[in-house]
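Peer 1: What Swiss-Prot shows for this protein is this:
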- ASN194: N-linked glycosylation site (CARBOHYD)
- 1-10: topological domain 'Cytoplasmic' (TOPO_DOM)
- 32-35: topological domain 'Extracellular' (TOPO_DOM)
- 57-148: topological domain 'Cytoplasmic' (TOPO_DOM)
- 170-205: topological domain 'Extracellular' (TOPO_DOM)
- 227-234: topological domain 'Cytoplasmic' (TOPO_DOM)
- 256-277: topological domain 'Extracellular' (TOPO_DOM)
- 299-306: topological domain 'Cytoplasmic' (TOPO_DOM)
- 328-356: topological domain 'Extracellular' (TOPO_DOM)
- 378-398: topological domain 'Cytoplasmic' (TOPO_DOM)
- 443-471: topological domain 'Cytoplasmic' (TOPO_DOM)
- 493-497: topological domain 'Extracellular' (TOPO_DOM)
- 11-31: transmembrane segment (TRANSMEM)
- 36-56: transmembrane segment (TRANSMEM)
- 149-169: transmembrane segment (TRANSMEM)
- 206-226: transmembrane segment (TRANSMEM)
- 235-255: transmembrane segment (TRANSMEM)
- 278-298: transmembrane segment (TRANSMEM)
- 307-327: transmembrane segment (TRANSMEM)
- 357-377: transmembrane segment (TRANSMEM)
- 399-419: transmembrane segment (TRANSMEM)
- 422-442: transmembrane segment (TRANSMEM)
- 472-492: transmembrane segment (TRANSMEM)
Amino acid sequence: MAGGITDTGELYSPYVGLVYMFNLIVGTGALTMPKAFATAGWLVSLVLLMFLGFMSYMTTTFVVEAMAAANAQLRWKRMEKRKEDDEDEDSSSGVSDSDVLLRDSYERAETRPILSVQRRGSPNIFEITERVEMGQMASMFFNKVGVNLFYFCIIIYLYGDLAIYAAAVPVSLMQVTCAIGNHSCNVGDGTKYNDTDKCWGPIRRIDAYRLYLAAFTLLLGPFTFFNVQKTKYLQIMTSLMRWIAFILMIILALIRISRGQAEGHPSMAQLSGIRNLFGVCVYSFMCQHSLPSLITPISKKRHVNKLVLLDYILILAFYSLLSFTAIYCFRNDTLMDMYTLNFTNCEIINVAFIRYFLGLFPVFTISTNFPIIAVTLRNNWKTLFHREGGTYPWLVDRIVFPAITLVPPVLVVFCTHDLESLVGITGAYAGNGIQYLIPAFLAYCSRKDTQLVFGSGTVNKHLSPFRHTFWIVFVLIWGFSCFVFVTANIVLSESKL
């Protein structure tokens, strides 16, 4: 996510893009949503989920608009540079001044109709053909302070991402293997385990968790010191596993409900659970930082905003189905932070393979993503401190940056493995900035720059449906209000303890 223009890659159809976006948004956050739903109450959860889905869609259209504006400016700068190069060639050649004046007047006559067409909404100048990452857009439209705040926000978000991933794998391994060690398969039967309970012999559950965390760090941590990327086949495999797991959980919960074995009696509203639910929902709708690599390769972008809207409706329906089947199938106090662990109970499913597949599902999928996110965070650190023309010493480049990437999240999850809180805090703070504040500022600043460069009559063909300034102000007020609300909620909760 470091700012820069990268290759667009192979083009694909709008509907393939719709599938890719669905897969991008529906990830780890969905596994923590059922617990957050149960804690906040079904009505509050549904209303908040729908509202936050709408807000996320709005800011997604802001980012698409900013991408189009960035592409237009890059084209305009290249046109200006070519014009300057041509003038330099003319001045260095032996042509007379009168010839140069004649050619200049001819060029101006040729360019005037082009510019007037662009102001009426030419499909060319605002076409999204180059992948301009969010960091590059921030550099184009923000001042130096804004760029630094952007990188600070995205770095904090990626730290939260790494912490969630680093905790999810050891938690899943601890829950499954400690149950085996106790000759039981009742991880999700409602039995409350403490961290000090025995796992195997003298080893406590918290000790097992930290051993798994150490092994996870030693196995995947070294990838932070190298360059890795997710291959096409690995992406297909992890996506396939994810959808098999989600479909299995929904079907198993529906079967249990249809047989009259449902235990859930969710409340309508519990305001104390809103803080975590807010963070989980924001985290679960997060896609804005990856939109450039997702939208740019789409071959036909004429109706891209409608396709994105369709995606959000499908995702909203999926989240609702997953969460409602969960809260009616399981009692509130038995729902686990990682929803997959509720299906490791023999009473839910007596097929051992399915139990272990669901219980260990986060281990496989998250382990493939961890090195990629770590390398992305490392590269953002490098971009933040980079100075034009400068290079980093070998020690700083190969040791210091990877170390400051890996150590902080591992230390955090060494002290806590509360996944719901980790997801909630990451979404409520850094996620809030990336999903609401940055897109709103990008839309506002890109509109100002577009008017400055092309004139007030310019029409961006990818202009957001929420084009009135009111919507930008609304998103900014909402984003800052969320910061205040979540912080006040945390302070008040801590003061009651």
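Cβ atoms here come from the backbone N, Cα and C positions, even for glycine.
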Peer 1: Which one of these stretches, 36-56, 149-169, 206-226, 235-255, 307-327, has the most C-beta pairs shorter than 8 Å to the transmembrane segment (399-419)?
Peer 2: 149-169
Peer 1: Can you give me the average pLDDT across the topological domain 'Extracellular' (256-277), rounded to a whole number?
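Peer 2: So the average pLDDT across the topological domain 'Extracellular' (256-277) works out to 87.
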Peer 1: Looking only at the topological domain 'Extracellular' (256-277), how are its residues distributed among DSSP helix, strand and coil?
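Peer 2: Once the DSSP states are binned, the topological domain 'Extracellular' (256-277) shows 10 helix, 0 strand, 12 coil.
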Peer 1: Counting only CB pairs under 8 A, let me know which of 206-226, 235-255, 422-442 has the most with the transmembrane segment (11-31).
Peer 2: 235-255
Peer 1: State, in range form, which of 149-169, 278-298, 307-327 has the highest count of Cβ pairs under 8 Å to the transmembrane segment (36-56).
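Peer 2: Between the stretches 149-169, 278-298, 307-327, 307-327 has the largest tally.
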Peer 1: Does the chain bring the transmembrane segment (149-169) near the transmembrane segment (235-255), so that three or more CB pairs sit under 8 Å (pairs 6 or more apart in sequence)?
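Peer 2: The transmembrane segment (235-255) and the transmembrane segment (149-169): touching, no.
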Peer 1: Are the transmembrane segment (422-442) and the transmembrane segment (235-255) near each other by the rule of at least 3 C-beta pairs under 8 angstroms (pairs 6 or more apart)?
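Peer 2: Result for the transmembrane segment (235-255) with the transmembrane segment (422-442) is no.
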Peer 1: List the helix, strand and coil residue totals of the topological domain 'Extracellular' (32-35) as derived from DSSP.
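Peer 2: Residue counts for the topological domain 'Extracellular' (32-35) by secondary structure: 4 helix, 0 strand, 0 coil.
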